[in-house]
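Positions annotated as [4Fe-4S] cluster binding site by Swiss-Prot, on the basis of sequence analysis: CYS5, CYS8, CYS17, CYS23. The hybrid [4Fe-2O-2S] cluster binding site annotation in Swiss-Prot covers HIS266, GLU290, CYS334, CYS425, CYS453, CYS478, GLU513, LYS515. According to Swiss-Prot, the cysteine persulfide annotation covers CYS425.
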Amino acid sequence: MSMFCYQCQEAAGGRGCTVKGVCGKTEDIAKTQDLIIYVVKGIAIYSSQVREIGLNTSEADKFIVESLFSTITNANFDAKALNARVQEGLKIRQSLKDAIIKAGGSYNSKENKSWTSKFLSVLGIKNDKDEKEIHDAAVWAANNPEDFKKKAETVGVLATENEDIRSLRELLTYGLKGMAAYLEHANNLGYDEDSIHAFMEKALVATLDDTLSADELTALVLECGKYGVDVMALLDKANTSTYGNPEITKVNIGVRNNPGILISGHDLKDMEELLKQTEGTGVDVYTHSEMLPANYYPAFKKYKHFVGNYGNAWWKQNEEFEAFNGPILMTTNCIVTPKASYKDRMYTTGVTGFEGVKHINASKDGKKDFSEIIEHAKRCSSPKEIEKGEIIGGFAHNQVLALAPQVVDAVKTGAIKRFFVMAGCDGRMKSRNYYTDFAKALPKDTVILTAGCAKYKYNKLDLGDINGIPRVLDAGQCNDSYSLAVIALKLKEVFELEDINELPISYNIAWYEQKAVIVLLALLHLGVKNIHLGPTLPAFLSPNVAKILVENFGIGTISSVDEDIKMFMN
């Protein structure tokens with residue numbers, strides 16, 4: 001069977017990639033990622049039971065989160081690293097099973113018959129006619145890449161035959177991948193929440209359960225949105241407690257004459273470590289793409305060698321990385337297949353990877369040594385200037401709420417007629433130019449609320465301001481869509497409305513990968529309706545599942561700029 005992947009917006013033909021991913025991943029990489037997800041589901045079968053009896057699940061929790069994150073679009077293209085992850089997962093699964101067996105002796109008693117039944121069931125032992133055999137995901141075994149390949153052939157997306165069940169299982173899985181990305185960043189800053197891990201396990205196990213109906217899976221998908229809100233709130237707390245609340249900031253987009261390091265991705269802990277280790281070395285640091293919002297945090301402003309932002313959204317990196325001249329550190333997705341001209345200047349860390357690119361691992365205490373990339377930078381020329389000037393951002397919820405009287409007054413007086421949430425992702429399809437044209441064509445009495453790399457379609461346009469309020473308010477990274485929800489809920493309270501949908505806010509969201517999925521599910525959980533997704537609806541939504549979203553939540557797509565603006569403004 002050939003590969004099949006339809007998790008991102010660029011799925012070939014709007015249906016799915018079957019030969020090679022549009023993202024660049026090979027058939028082998030795609031299938032190994034399928035197998036990683038299968039291994040994670042097997043681990044969840046055991047870890048959910050280990051958690052229930054009060055034993056430590058931290059190793060499994062960490063592995064599940066990192067593994068889900070490693071399979072996000074454009075995160076990891078390193079076959080060796082991915083196969084090693086499969087191997088590690090099987091060892092963790094066995095250790096969980098051993099823990100259950102060990103615990104069985106003390107829990108297996110006349111006073112605890114329910115545990116006895118559960119204990120036997122989770123080990124795959126049928127002790128009465130109602131017991132189910134344990135799923136293959138919890139018991140299959142192999143120890144080499146060739147056997148992994150054979151197994152991967154049988155566990156991909158299409159292994160679920162029913163189109164609607166498959167669609168719901170994948171929608172849930174992609175939501176979990178986005179959730180894992182945000183949880184990983186919070187964990188890196190020392191913040192965690194057991195209930196989120198417990199839900200992830202429950203949801204993963206549910207995707208293996210053939211007895212669950214479409215309605216039951218739909219309920220789980222919506223519950224995933226609840227935990228999506230929780231994980232974004234946790235990450236917001238982690239980021240702001242550690243680095244301060246983002247504040248209105250003018251960000252330099254030009255260059256200086258020193259050698260530099262370009263840091264891309266989302267991990268603020270990596271950003272902090274890099275800034276600390278480069279201080280006093282003569283090496284400047286620039287952000288790229290989704291790392292732009294690091295410029296908004298007070299804690300990073302003390303570093304004089306932190307210059308600003310270089311370049312645009314992830315998909316332009318081939319030309320921009322080439323022009324930068326210095327080394328590039330990829331902390332998370334999105335990686336585009338590197339050109340030979342800069343591949344030897346590229347470094348990955350965390351769950352990211354690309355074959356032939358140097359990887360920087362963390363030590364046991366979580367610290368990372370960036371000395372190699374710093375020394376590399378010293379041997380390089382300074383960045384080539386590709387643009388100059390400034391852009392403004394830092395409008396996360398704390399900053400916007402500080403401006404609440406000004407914003408509320410502008411709404412009450414009619415100076416601001418409507419807000420447009422245009423958060424989400426950018427991508428290489430030409431149809432995404434719609435979002436630039438949409439921003440340009442919006443009436444002058446409207447304000448754009450954005451987060452994520454979708455901002456690059458319009459954050460360098462001169463759209464002016466309304467009574468001193470910029471018409472583009474950038475909250476930050478894609479996870480900072482949470483800020484936009486907080487702002488909306490506060491406005492609902494201020495205007496004494498019963499329903500969040502009564503606010504003069506429209507949602508025209510550009511999606512690309514799985515973090516956008518968890519953001520969407522979170523918004524649905526908060527009761528937001530009539531969200532428009534583009535440039536196309538996800539390929540993984542079957543007609544029936546799409547119908548559910550349309551009928552219950554008013555989900556729509558985009559048409560033309562003029563037609564859509566007319567529709568939104570009426």
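Note: Cβ is positioned from N, Cα and C throughout, glycine not excepted.
On a Cα basis, CYS8 ([4Fe-4S] cluster binding site) lies 15 Å away from CYS453 (hybrid [4Fe-2O-2S] cluster binding site). Of all the binding-site residues listed here (GLU290, GLU513), the one with the fewest other CB atoms within 10 A of its own CB is GLU513. Using the Cβ center of HIS266, GLU290, CYS334, CYS425, CYS453, CYS478, GLU513, LYS515 for hybrid [4Fe-2O-2S] cluster, the list of other same-chain residues with Cβ within 8 Å runs, in sequence order, SER289, TRP314, ASN333, GLY452, GLN477, TYR512, ALA516.
Taking each Cβ in turn and tallying the other Cβ atoms within 10 Å, the top scorer among the binding-site residues CYS8, CYS17 is CYS8.
Candidate binding-site residues: CYS5, CYS8, CYS17, CYS23. Nearest to LYS515 (hybrid [4Fe-2O-2S] cluster binding site) by Cα distance: CYS8. The binding-site residues listed here (HIS266, GLU290, CYS334, CYS425, CYS478, GLU513) include GLU513 as those with a Cα within 10 A of the Cα of CYS8 ([4Fe-4S] cluster binding site).
Using the Cβ center of CYS5, CYS8, CYS17, CYS23 for [4Fe-4S] cluster, the list of other same-chain residues with Cβ within 8 Å runs, in sequence order, TYR6, GLN7, GLU10, ALA11, ALA12, GLY16, GLY21, VAL22, LYS25, ALA30, THR73. For CYS425 (hybrid [4Fe-2O-2S] cluster binding site), the nearest of the binding-site residues by C-alpha distance turns out to be CYS23; the candidates were CYS5, CYS17, CYS23. Of all the Cβ atoms in the protein chains shown, 27 others lie within 10 Å of the Cβ of CYS334 (hybrid [4Fe-2O-2S] cluster binding site).
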